[in-house]
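Listed in Swiss-Prot:
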BINDING   Arg16, Glu17, Leu18, Lys19, Lys112, Arg516, Cys517, Trp562, Glu606  5-methyltetrahydropteroyltri-L-glutamate binding site
BINDING   Ile432, Gly433, Ser434, Glu485, Asp600  L-methionine binding site
BINDING   Ile432, Gly433, Ser434, Glu485, Asp600  L-homocysteine binding site
ACT_SITE  His695  active site, proton donor
Amino acid sequence: MARTHILGFPRIGERRELKFAQEAFWRGDRTEAELRDVAAQLRRRHWQLQADRGLDTVATGDFAYYDQMLSLTALLGALPRRFGLDPARLTLTQYFELARGNREQPAMEMTKWFDTNYHYLVPELDAETTFDGGPAWFFEEADEALALGLRARPVLIGPVTYLWLSKSHVAGFDRLALLPQLLQGYRRILDQLKARGIEWVQIDEPALCLDLEPAWLDAFDTAYAALREAGPKLLLATYFDTAADHAQRAAALPVDGFHIDLVRAPEQLAAWQAALPAHAVLSLGVIDGRNIWRTDLRRVLDTLRPVQAALGERLWLAPSCSLLHVPVSLAHEVRLDVELKSWLAFATEKLDELSVLGRALNQSDAVVAEALAASDAAQASRRASRRVVKPRVQQRLAAVSAGMADRASPFAERIERQRQALQLPLLPTTTIGSFPQTAAIRQTRAAFKRGEIGALEYLERIRAEIAVAVRKQEALGLDVLVHGEAERNDMVEYFGEQLCGYGFTENGWVQSYGSRCVKPPVIYGDVYRPEPMTVDTARYAQSLTERPMKGMLTGPITMLQWSFVRDDQPRATTARQLALAIRDEVCDLEQAGIRVIQIDEPALREGLPLRRADWDAYLDWAVTAFRLSASGVQDQTQIHTHMCYAEFNDILPAIAAMDADVITIETSRSAMELLEGFGDFDYPNEIGPGVYDIHSPRVPSVQAMERLLDRACEVVPPQRLWVNPDCGLKTRGWEETEAALANMVSAARALRARLSARGATTWKRLSKPAAATAAAVPHAGNACTACATHAN
């Protein structure tokens, strides 16, 4: 009998109950007991969903009040010492302070969970870190499930992955030195689970899918030799990529089973079957835990039947990874197009699919004939639907030539024409795009969406906001202006709503971090632009000023990365379709008199595959998509792009290949350290290193920004430098925004004056600046939350 199980379930609730309970607790409107009660209700509901579908075990320990890595850090007792907390007496208030900071300490660093759009809290380790245990919440959850008569299978992030994802602020400290102490902490956890009669524990080790150095591979041997003595059977789970190259070594570990991701890496099945010990189970992730499309159940059954014949009861079935990454249920999607809805499966529906697969294997296809027929119908509907494949899009895509991704002239020639056309001063000042989204702006958009105000009144209100933004920028003395984006709820949904091939859910929320949830749009078919999206707004904004007004667009890779993407064609193909749609908008903006056009790509690095061997292929099509979107304009039109919170050094050749005339980046928190890579690489185009951190309400002084600009000039010649904040300003208030921008303009003018006094437009390149004293860049490798898709 094949067993069925899941690796984890979304914790937010189908109506985002956890989010609202968290935020009420933070406001002081709910007690800790009330928050705990909401959490317990959600856990029971989610376990019951699994039990009702006949799953052999229910996942426990996958719940977290904020983040599973933070909860494991608390369970181990490895809290950052700077907070001065007693792990054994940790309260929920203190737990949340670790994630959100307090008056004395900033929050723990947050970054992306592998290549997903979920963020985790990064453990802070050093030689003094101990793993003596913390609150008993993890065990209490297992007790809750056992008390309900359920077969609990607790879920733990494995010790090697935990160390891999941690960091140390002590230079040269080897995190692996902590492995022996860490394993003692894990053994105590497993001992307590064994004492409760737990048969199986799921140990997640997605790090096994990465490029690991020998010392880290050796750590797996050490870790599982130690944990074997603890008692419960261990299911070692990998996901997000192939672990086939480590299959032989992993199979020798003293564990009782393995989980592999056959959605992301179906080719690894043969290697794992060949390596699997005779005693071990093999859990196959055959339902996509990261996307929302229904599974082709017959195709999966064709894959599973030979495996079942070989393994018998040692075959387990599961989604590819935790269902954390998909919405909870389709039940509340009452307005979603009926045909599109029939193609989708959220977490609850994926439980149904898993149940069907298990019953088909363990009984017969006849028992689930109706469900298999429905699956067949959904697949046939997608293949035949006229909304999916658009001949004119396919024809246009086929006609794309390599030369279409190239500007007419090289940068050295373009920039001279742009300088002549734009007549900007040395060190031109600008912002990244958005201005404060006031309550009045949000209310206007909501009223229009509800039909409470008409299109004309909505347009008048938005134009009034644009006029305010333009006046404020002129008064501040900025050189290149923006319209402020008052009409945009976010940088992906706004464009997706105007592109064919996109769909939108009402309740398709997914946790990004803590209480922050995102509702990604759905790319279901060929993408094209039926009409201009931003041209009228940009034209109006430009009419209010003589200064250059930037057109503001989201790039094709960010549109792709922050959506649920169709799975019936390569992502590269969808990216090219998006690029052509954006290209049309870029050309129309130019025709409307917009001389500076920004195409934001904060998610470019997020798309990198986990294995470096796969990077070149991704970067090739991603960079080509950007170039295709940007290259239809004349030399005089200046193309900007923006990237934030990223480590660029290992992909600088690809960034240079994008050939944007100006790139703006986040650098203020790292005291311009990030810029050094651009200098060492001799980045050829213009660059705007952010001179102040928009994520902080603190208004930086003129002197502080001057120091950052001085440092920037040591790396990049001043004639190629722009002056700008780190990111968009939508999350800030107007008072702090105006004060910070006024200081920024003053800093730029002061440096211009100093350069002018020397009669110089160049700056002698000094030796590398001393190491920064600023905190390390958070979200390394990821877009910042100010650039994230619409969240709530």
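Backbone N, Cα and C atoms are what each Cβ position is placed from, and that goes for glycine too.
The sparsest Cβ neighbourhood within 10 Å, among the listed binding-site residues (Glu485, Asp600, Glu606), is found at Glu606. Figure note: comparing Cβ neighbours within 10 Å for the binding-site residues Leu18, Cys517, the maximum is reached by Leu18. If you draw a 10 Å sphere around the CB of Lys112 (5-methyltetrahydropteroyltri-L-glutamate binding site), it holds 20 other CB atoms from the protein chains shown. In this structure, the binding-site residues Arg16, Ile432 were compared by how many other Cβ atoms lie within 10 Å of their Cβ, and the smallest count belongs to Arg16. Taking Cβ-Cβ distances under 8 Å and a sequence separation of 6 or more, the neighbours of Ser434 (L-methionine binding site) in its chain are Val482, Gly484, Glu485, Arg488, Gly728, Leu729, Lys730. Same-chain residues at least 6 positions away in sequence with a Cβ under 8 Å from that of Gly433 (L-methionine binding site) are, in sequence order, Val482, Glu485, Lys550, Met552, Gln598, Asp600, His642, Gly728.
A Cα-Cα distance of 24 Å separates Cys517 (5-methyltetrahydropteroyltri-L-glutamate binding site) from Ile432 (L-methionine binding site). Of Arg16, Leu18, Lys112, Glu606, all annotated as binding-site residues, the residue with the shortest Cα distance to Ile432 (L-methionine binding site) is Glu606.
Counted over all residue pairs in Ile432, Gly433, Ser434, Glu485, Asp600, the record's binders of L-homocysteine, the longest Cα to Cα distance measures 13 angstrom. Excluding Ile432, Gly433, Ser434, Glu485, Asp600 themselves, the residues of that chain whose CB lies within 8 A of the CB mean position for the L-homocysteine site are, in sequence, Thr431, Val482, Met491, Met552, Gln598, His642, Cys727, Gly728, Lys730. The maximal spread of the 5-methyltetrahydropteroyltri-L-glutamate binding site, taken as the longest Cα to Cα distance among Arg16, Glu17, Leu18, Lys19, Lys112, Arg516, Cys517, Trp562, Glu606, is 29 Å.
For the recorded site, Leu18 (5-methyltetrahydropteroyltri-L-glutamate binding site), the DSSP three-state label reads helix. DSSP assigns Lys112 (5-methyltetrahydropteroyltri-L-glutamate binding site) to a strand segment in the three-state reduction.
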